[in-house]
Structures are given as C-alpha cells and as structure tokens.
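Notes for the one structure printed next.
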C-alpha cells in the first residue's frame, strides 16, 4: 500500500491506496500536526503500518521535514516529494519548471493520464489555479485569490464589512451586506474563471479540451457548474499516484 499526502496551505489530505483507483482518505488541518511523532500517532489510529512508500505533494515547504523524519524514523524509508523536474512524460514549457507548485504538477499529470493530452484544470484551494495542457505540453497557468482570501481581504481592509461564511446564492443581487459580499465574491471569481477559460480556449486552440474542476473549495460552486465541466475531487491524489508510478519504473 502507498501512503499519499496532499499538503495544502489550509488542509492536508492523507490517502492510502493500492492501485491509484480507490483511496482510503482522511483530512486534517495542515498545521495541526507539528512533529513526526504526532503524525505517527494520528496515522496509527486509522492505518496499519505496512506502507510500501510515502509520497508527498506539498505546497508548504517549511513542514516537509515532518514527512521526511516520519518516513525515516517509522518506516525506514525516504519520503518521495512531487516535483515537475522528476516527471518526464510531460513537457514543462515554462521558464522555471522547478517553481511549479506540487499541487499543480499532480493536477496536470492526472489530467494528462485520465482525460487526454489537451486539458484545462481549475483547482479551488486557498488560492485558485488554472492549468493549461496542450498536446501533453504544460503551457503554464493562472493563479487568483481563493474564496476565503477575498472574504478576508474585504474584512481586514475595511472598517465595517463583516467576515462572512460563503454559501451559494440563487440571486445576483443581495439585500444585506453579508449577501452582497457572498454574491460578489463567488460571482467575481466564477466570472473571472469563465473569461480566462474562454481566452485560453481561443489562444491555444483548446475549444474541445475537457475542463476539470477540483479542490476542496469547489464544493462551494458545484451547483453552478456548466454541463460540460468535469467535477473530479480525487484528481490530485491520482496525480500523486501516477507520479510515483513514473519514477518507480
């Protein structure tokens, strides 16, 4: 069994898998586990200690040592960390491939393996990323503030606007300050994504490319999805598995 970690800025997804198709998933706050010993105690509650390897996709480099120490101390193994430069089945057509976030790398890998050589991926996390895959070449992407980042910016940058909890709305105009913020944030982000995708389709001749939405925050906008959009919450986990498959061969 492989032990996979998808370490995000806010939450970490932990998954156990044998084949990269089905996953036994747990989720924790990223900064709730501070040491390799705490990680061991947490995992022991749910999993047997029979891991073939440990593979980590992390966008929080200052806690990577926890996974390194855990693998060495409790598994007598070296943790494997996702990076674009280690994966050779995709051409990383950007200035500095080593700077591509691991979360983006695994999204692109899984999109390529599961949906074809052309794809557009939108990952709704703390920040929202849009990835462009053209003929199995990663052409780059876009990063925009996530839902909660925009809410927090309004709250911290003004004297009176409240911090609200986001939820879908069936109207485009709010009747109170809270609904004004909710509608404004969600519609601004969705409108920006729609515009960006249309430009990408036109500029890169990707009019028939599949569009995949993923990431924990995508649940907020699931009911707004157009019929041609694919909703795939396990895209990143499969990407981690495919990365391991590639480098283990």
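If you go along the chain as it appears here, the first residue is 1 and each next one adds 1.
Keep in mind that glycine also has a Cβ here, set from the backbone N, Cα and C atoms.
Look at Swiss-Prot and you will find 103 tagged as active site, proton acceptor. Long-range Cβ proximity for residue 103 (active site, proton acceptor), meaning a same-chain Cβ under 8 A and a gap of 6 or more residues, is found for 6, 8, 57, 59, 123, 125, 129, 236.
Cβ environment of residue 10 (ATP binding site): 29, 30, 125, 126, 216 lie under 8 Å away, each six or more residues apart in the same chain. Annotation source Swiss-Prot lists ATP binding site at 6, 7, 8, 9, 10, 11, 12, 13, 126, citing sequence analysis.
Secondary structure at residue 177 (substrate binding site), as computed by DSSP, is helix. Neighbour list (residue 177 (substrate binding site), Cβ cut-off 8 Å, at least 6 residues apart, same chain): 161, 162. The annotation substrate binding site is assigned in Swiss-Prot to 101, 102, 103, 104, 177.
Neighbours of residue 123 (K(+) binding site), defined as other CB atoms within 10 A of its CB across all chains, total 27. Annotation source Swiss-Prot lists K(+) binding site at 123.
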* Asked: Among all the protein chains here, how many other CB atoms are within 10 A of the CB of residue 8 (ATP binding site)?
  -> 23
* Provide the three-state secondary structure of residue 6 (ATP binding site) computed with DSSP. => strand
* Least buried by Cβ count (within 10 Å) of the binding-site residues 12, 126 -> 126
* Work out the three-state DSSP category of residue 12 (ATP binding site). => strand
* Distance between residue 102 (substrate binding site) and residue 12 (ATP binding site) at the Cα atoms, whole Å? -> 13
* Structure fact -> Three-class DSSP assignment, residue 104 (substrate binding site), comes back as helix
